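What TrEMBL annotates here:
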- 62-109: domain 'PAS' (DOMAIN)
- 135-187: domain 'PAC' (DOMAIN)
- 219-352: domain 'GGDEF' (DOMAIN)
Amino acid sequence: MNLRTVIRSYCLNSRLATNALTRLHKALSSLAGYLAQQGFDSETWPAPRDEAALDRRLNTVCTELAATVFSHAREGIILVDPYGHVIAVNEAFTRLTGYGQEEIEDRELNSHRMVRRLTAFYAPMKNALDFHGHWSGEIQTNHKDGREMTSRISISAVHDGHGNVQHYMALFSDMTQMKQRLQLLERDARYDALTQLPNRLLLAERMRQALGKARIHQQKVAIAFIDLDGFKALNDSYGHDWGDRVLQIVAGRINATLREGDTLARLGGDEFVAGLVDLQEVGDSEPLLKRMLAAANAPILIGAQTVEIAASIGVAFFPEHGQEVDGLISKADQAMYLSKKAGGNRLAFCPTRFISVNSEA
């Protein structure tokens, strides 16, 4: 009975046992192949009693394996002595940082311009290495060409047989592109792709913060729901490309009327919501809202064609018309429909009060 059969007979799950043995067999086969390449065969392998020869042979193999890993690793590797001088770096390190081996080896690492920004990390690094023998984290460094890099570094203390630090080994990975991709994904999750305005998610986050601040300081917040008048007909007549361009232009014009701290967001289609913050009185919002309405009402020149567009705006206020963001947006939406029913191109306040572009009704 072979080993596989014996183990399978004592295992409750023979499939798991078979898979485990298969992986073990592959690993042992790979090791046997490597040992054969290094000269380990029945003729060159030291006799069992020749322990000194066996130790020497194993040390040779370990040294060769370490050199192979050092040379072929995809991560940058840097070896530093206990006094901070660089012993060696591998090819991956020079590729990732742009610095040649001659520019960093035999030099004091702490004074190298690549890591001068890391001063704040030295104390926590040293403490972690002294107490735990390991430190890892993300840091900002600079490539030789000057561009900033986000780097993941893992440092381990290597001790000799007496427990003294022999050297430090750091593994270095460039996380810049991954971080940039994550930032783009985060932006896509919070911004409208067409207009680059915040979307509903980011609007809600900002307005929750604004309402919290307004509660503390007893201020007002205006929520304005904006819908373009006649946009569907324009989109149908001129096409979606024109419609998209109109949305971009109108969004830019309205956004330019806002103050620092205010937010204009696109909910979708031709619907926008503006949050006006730091208002002492409800009336403080009217000049801002009138500028928004005028900006949306201005003619748009696309190529040789002039497009007439306007907007209906409904407005609700915190705390008069609601305590939560969603409720205020809903009230402002209702007021906007009243604006449209009254002919559009005007402001409608909740409760019902209208202001057109030129006069108050």
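Cβ atoms are placed via backbone N, Cα and C, with glycine included.
These figures come from a predicted structure and were not determined experimentally.
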Next item on the list: Note the mean pLDDT of the domain 'PAS' (62-109), expressed as a whole number.
Entry: 77
Check: Using DSSP, how many residues of the domain 'GGDEF' (219-352) fall into helix, strand and coil, respectively?
Finding: 59 helix, 44 strand, 31 coil
Check: How many of the residues that make up the domain 'PAC' (135-187) does DSSP mark as helix, as strand and as coil?
Finding: 12 helix, 30 strand, 11 coil
